[in-house]
Amino acid sequence: EEPVLLAELKPGRPQRYDWKSSCETWSVAFSPDGAWFAWSQGHCVVKLIPWPLGEAELGCKTSERKGRGGKAETWSRGAAKEKTLECGQIVWGLAFSAWPAAEDGDTDPACAMGLPCLVLATGLNDGQIKVWEVQTGHLLFSLLGHRDVVRDLSFAPNGSPILVSASRDKTLRVWDLSRDGRQVQVLSGHVQWVYCCSISPDCSMLCSAAGEKSALLWSMRSYTLIRRLEGHQSSVVSCDFSPDSALLVTASYDACVIMWDPYTGEQLRTLRHVPLHSTLDSSSEIHTSSLRSVCFSPEGLYLATVADDRLLRIWALEFRSPVAFAPMTNGLCCMYFPHGGFIATGTRDGHVQFWTAPRVLSSLKHLCRKALRTFLTTYQVLALPIPRKLKEFLTYRTF
């Protein structure tokens, strides 16, 4: 099924053409529990929106949220209210912590450390990282250290208060929010702006993508470089790990997505973004298929990509061609809803769009593979006394 546009939210403020890069939605994010959606809607503003959207919004194609100056806009939906975060700078990166809201009787590790159960980090144009408490919208920390735009952010998925930031100052920095946002490590190795960072779900690895033809893979235990992933012909701009940490995908301006085994560095598959209509003269617009964003679906069977050719593509892992397309203009970023069924995309116009995504019932084979690969590396799988074909399946050499 082709993705269907469920809703489109537009910023209420007029575009300011005298201010470069002021209105883009560079980043969108869902909280890990699926209860909140964060939208960097341009104009130095982030909207925190309770999820799901209201029936009226999902039932119509377009809904405008209008802001008035610096006043916070809220409305009740149960106990949750929409919040407006005035960041004071252009917002480039967003990331929710992996700390779900604690239920009665639960002992949440983050809450036990005296931290809020859910926070949102925002990466800003001046190099600051502002960390906000989601429930109240209060500013908790301003993390200082980067000397240029903070382009992307990633929290450790295991619930520890570790945050990694990627910046145009060519470094990645590791922060510990349980120690008042203390800077733990500076990772140097890129020679161009760092566009993207992603921590593997098992928290063992960190991938970073910069304006270079290679992506870097780091150890999250020793904060040392594991290897360079070389294979793209142009700048790598986006990366994401599969939910079981067994796969890594990188997207590049060369119009290709490469699927890697992060443990061995082996290229498993290349997905090429070709024009939807073969009659198009690709030579006249050489950059029309430049990729902007790639992300895995929650069950790990699909990928979503956004490219400059005005298409959102959905890919199934076992096929080399997209299984679905949707037309979208000026796309910059995409992210799956944590429980599946939806994709959010952000655009250069400051809009955010919500699309239907394929809902799939994972096969028992895939569920078993996912469960095993959550705690077994590729090398550990290859050492098992099992048939070769089973090893190939478990290591994604066959699908």
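Glycine is no exception: its Cβ is also placed from the backbone N, Cα and C atoms.
Feature annotations, reproduced from TrEMBL:
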DOMAIN    363-399  domain 'SOCS box'
REPEAT    120-142  repeat 'WD'
REPEAT    143-178  repeat 'WD'
REPEAT    187-228  repeat 'WD'
REPEAT    229-270  repeat 'WD'
REPEAT    284-318  repeat 'WD'
DSSP helix/strand/coil residue counts for the domain 'SOCS box' (363-399): 22 helix, 0 strand, 15 coil
Positions on the same chain near the repeat 'WD' (187-228), where near means CB under 8 A and six or more residues out: 148-149, 151-158, 160, 164-168, 170-174, 234-245, 248, 250, 252, 262, 265, 374-375
Counts by DSSP class (helix H/G/I, strand E/B, coil) across the repeat 'WD' (187-228): 0 helix, 24 strand, 18 coil
For the repeat 'WD' (284-318), the mean pLDDT of the predicted model: 86
